[in-house]
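See below for the structure under consideration.
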Amino acid sequence: MILFPAIDIRGGKCVRLTQGDYNKEKVYSEAPVEIAKQWQDKGAAFIHIVDLDGAKTGNSINQRQIEAIAENTSVPVQVGGGIRSIEIIESYLSRGVQRVIIGTAAINNKSFLKEAVSRFGDKIAVSIDARHGFVATDGWTKDSSVKAIDLVKELEDIGVKTIVYTDILKDGMLKGPNLEELQIINEATSIDVIASGGVSTKEDIVKLAQLKLYGAIIGKALYDGTVQFEELLEANNNVG
C-alpha cells in the first residue's frame, strides 16, 4: 500500500481544515515546496496535493505553487481541487504532475470525465467525497442523492483506474478511517482505492493495508505530530 502525505494549499499556504470546514483552518507552513521536500526526505513514494481554493471556486488558484512542487521534487505527485477543464489537466501533466484528480466535475459533467479518461488514461483519478455513504460536491459544501457505491461502479464502466475515497465525517478528526465502508467499496470494484480521512495511527495503517487498498492519505496527524511518517511506513511495510 502506498502512503501519501497530504499537502492542502489555500492562499498559497499549507493548511488543514477540519471536516472540510473552510472556517476551521490551521496554517502549518507558508512554503508548500519545502513541506513537499520534507516528505520526500522522510521516504514518501508519492505526495497528495489539494488546491482547497480550487475545490471551492472551480478555479486552479494555487496552480503555480503546485506545479513548483512537481518541478522541485523527485517524488511523484497527484493533484486535486478545481480540476474542471482539459487545459488544466494538460498544464499539470506537462509540468511533471503524475496524476490529476477530478472531483465535483466527475459527478456534474460526465462528458468531461469521459474525455479526460479517453485522453489521459490512468493519469486521471476521481475523488469521491462521501457523507453517510452519499456523495458530496463543491468542496464538500453540497450533498447529493448519489450513493458512493453506485458512483464507483459507474466510474469503473467509464474506465477510471484510481479513486480517492474520503469519508468527510472522519476527515481531520483523528479517529480512524471508515473501515467498513472502505471494505465495501474496495470489494465491489477493480479500481485502485486510496483511503482518505481519519488516518492517524500505525494501527489505522495496518488495518487499511490488510484491506488490500492501493493507498492511504495521511494529513492532520502528521502535521500535528500525532504520529511520525517513518513510523507509518514501517507499520505498512510489516504487513504481509
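Glycine residues also receive a Cβ, built from the backbone N, Cα and C atoms like all the rest.
What TrEMBL says about this one:
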type: ACT_SITE; residues: ASP8; note: active site, proton acceptor
type: ACT_SITE; residues: ASP129; note: active site, proton donor
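When other Cβ atoms within 10 Å of the Cβ of the residue listed as 'active site, proton acceptor' are tallied across all protein chains shown, the result is 24.
Cα-Cα distance from ASP8 (active site, proton acceptor) to ASP129 (active site, proton donor): 15 Å (rounded to the nearest whole number). Cβ neighbour count for ASP129 (active site, proton donor): 25 (other Cβ atoms within 10 Å of its Cβ, all protein chains included).
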